[in-house]
Amino acid sequence: MIEQSSDALTPPRERPSLVRTFIAYPEFGPFVLLIAMLVVFTAINPAFLSLINIGNALTFTVELGLIALAMTLLMTAGEFDLSVGSVFGFAPVVMWTLFNADVLPLPLAFLAGIAVALAIGLFNGLFVTRLAIPSFLVTLGTLLVIRGTALWLTAGFPQRTWEAGEQWLAQLLVGDFYIGNLRVFMSLIWFVALALALHYVLTRTRFGNWIQATGGNANAARNRGVPTARVKVILFMLSAAMAAFAGIISSIRVSAANPNAGTGYELEVIAMVVIGGTVLTGGRGTILGTMLGVLILRLMRNGIVLIGVPGLAYNIFIGAIILAMMALHAGLERRHNTGV
């Protein structure tokens, strides 16, 4: 009797189908949710997908989106920054105070605002890495300090910005143009350009590998020569700088630098990142997913108003979506790990 080898008796392993491969991507869930949301809102109110409404919605999408891009990298490295909302309000206050007092011309005042934000990010990063204190607690403290400083400097009153509306820097940041009937702001171009740049950094560069290694297992990464502390400090600085940049754009758009601007933004930004598929515990993040998360939450805010739902119900929708997406990501991760 001829014995068959064990290899001959072993059935060949099936290749994963194209559908299963696509579903495994962290961007799959938010992409499906975005499409479903567009279909539902448009079915209830066709004006939702009008060029005017989409243009208006994208205008407000950019500011939180810029912060979310940097937060994605920071959360991939295993850290949080709760001070971004206060930096969003504080940096424009610094910029416009210097400009309105004739201390600096607008371009230098802009650089001063960004420099202050970088200093805040440096402080956060060094505090977290040198003292080994959780970033949640450190940035919660800096949130209160920065917000209080902004209110103290301005006595709670907004700084005027309308005198700079026609200057080249203002036009570069928030100028607009039309593509057919669609109004496009320069801030949207900035958002897309920075998103593509950070996506490349995270997925195609050594620094991106360092970010993911730092968030996945910091001790193992450190033993392999990854400068985990330096990576985190750089990302905290990037997070603060992007929050400042977004705040300055907002201050020009609304013609006022309000010291209370950005209140509550930190939690909404984290929600955008989580909905987009970035893992809360670090180690894996997706810029493209974050872009989808940004669109989901901002278009949802716009859509629920158009269909007649009270705007105060917005947080209910956010909470429900976060829970649903966390459950979906957990299920997909479990299937990926078990191969089922």
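Glycine too: its Cβ is placed from the backbone N, Cα and C atoms.
TrEMBL: automatically predicted annotations, no manual curation.
Taken verbatim from TrEMBL:
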- 22-44: transmembrane segment (TRANSMEM)
- 50-75: transmembrane segment (TRANSMEM)
- 82-99: transmembrane segment (TRANSMEM)
- 105-129: transmembrane segment (TRANSMEM)
- 136-157: transmembrane segment (TRANSMEM)
- 177-202: transmembrane segment (TRANSMEM)
- 231-249: transmembrane segment (TRANSMEM)
- 269-297: transmembrane segment (TRANSMEM)
- 304-328: transmembrane segment (TRANSMEM)
Query: Between the transmembrane segment (231-249) and the transmembrane segment (136-157), are there at least three Cβ pairs closer than 8 Å, leaving out pairs fewer than 6 positions apart?
result: no
- prompt: Of the stretches 105-129, 269-297, 304-328, which racks up the most C-beta pairs under 8 Å with the transmembrane segment (82-99)?
  reply: 105-129
